Amino acid sequence: MPTLLTMPTLLTMPFTAALTAGIPSPSSAVWYLGPIPVRAYALCILTGVFVAVWWSDRRYRARGGRPELVLDVAIVAVPAGIVGARLYHVISSPDDYFGPNGDLARIPQTWQGGLGIWGGIAGGVLAGVLLLRHRGLRVAPLADAVAPTLLVAQAIGRLGNWFNQELYGSPTTLPWGLRIDEAHLPAGSTYPPGTLFHPTFLYEALWNLAGAALLVWIGRRMLARSGVTGGRLLWVYLMVYTAGRVWIEMLRIDEAETVLGLRLNVWTSIVIFLVGALGLALTSRRPLSDAIDRPGRGTRKDRSAAEEDDSVEDAAAEHDSPEGASPAEPAATASAQPGQTDS
């Protein structure tokens, strides 16, 4: 018969049973609108991009940045990032495409999963930097505005791995273990029914959200102390993300290229962490600026407007000056002193 002492146990039994059953995986990763497939993986990526662009735009404009610039950068950086992410995945998993059972036709099939974050960052950053330089704008203010939003986008994008039942970790007895359908278990595996796996997608999503909050806090501290962030948040982003990626990557059991017993992505994360630390150290030692324009530069539109204004002013000066005299001559004559010559 239940007593007051056993009542808490009885009340929590349904929740305990749910936890010990693990986190369920979605039953489907694709839906159809008539003949059109709608893939969860793509929706997660696009949702992450939308949130990042929206938040980056707000942060950049708060720093004095030009409206719509973030959208302009996204238009070139997002496609370049997807191409870079896919290339990195193909290069780091060559057997899937170039091996004995590989299929080259799968290379463009990004909707099946397989995007390497480092290739995505490299492609997106390169495209964004080229556009900013073309417009005469500094990279640092936009980089600092975007840094925490990238972590939020990555957190949302990781949900796509959950829908695809991929990139999960090793078996675990933890109550938040992930249930994986037999069809999505590694080939040749002999895991008993009911085996739970580390939900690495969830670990990384939570790590990234915490990292985004940390970057926002650090940015505010930097602004409170020195009034500028000067591109330092981008380096902190690299360090925060890679610190989490190392331990999460080591939990995964999917096939991957290894170097000296460690997965390639672990080595990549270590190298990029060191790059971030070096970049942070170097930028912290030099004068910092959050100016939007590069010195002596502006957007092409701004420069054209300035040149047009100058030409109008010159024409007006010529019209008002005495016939045959240059508007610059009186000023030059008045400023010249006896005994002085130009050098």
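Yeah, the Cβs are placed from backbone N, Cα and C, and that goes for glycine too.
Predicted automatically and left uncurated, TrEMBL annotations should be read as such.
Annotation comment: TrEMBL describes 39-57, 69-91, 111-132, 139-157, 201-218, 230-248, 260-282 as transmembrane segment. Among the features that TrEMBL reports, region 'Disordered' is placed at 291-343. Annotated compositional bias 'Basic and acidic residues' per TrEMBL: 291-306, in sequence order. Residues or ranges marked as compositional bias 'Low complexity' in TrEMBL: 323-336.
Using a cut-off of 8 Å between Cβ atoms, the transmembrane segment (39-57) and the transmembrane segment (230-248) share fewer than three residue pairs, counting only pairs 6 or more apart in sequence. Of the candidate ranges 69-91, 111-132, 139-157, 260-282, 139-157 contributes the most Cβ pairs within a distance under 8 Å of the transmembrane segment (201-218). Among the listed stretches 69-91, 111-132, 139-157, 260-282, the one sharing the most Cβ pairs under 8 Å with the transmembrane segment (230-248) is 260-282. The highest tally of CB pairs under 8 A with the transmembrane segment (260-282), across 69-91, 111-132, 139-157, is held by 111-132.
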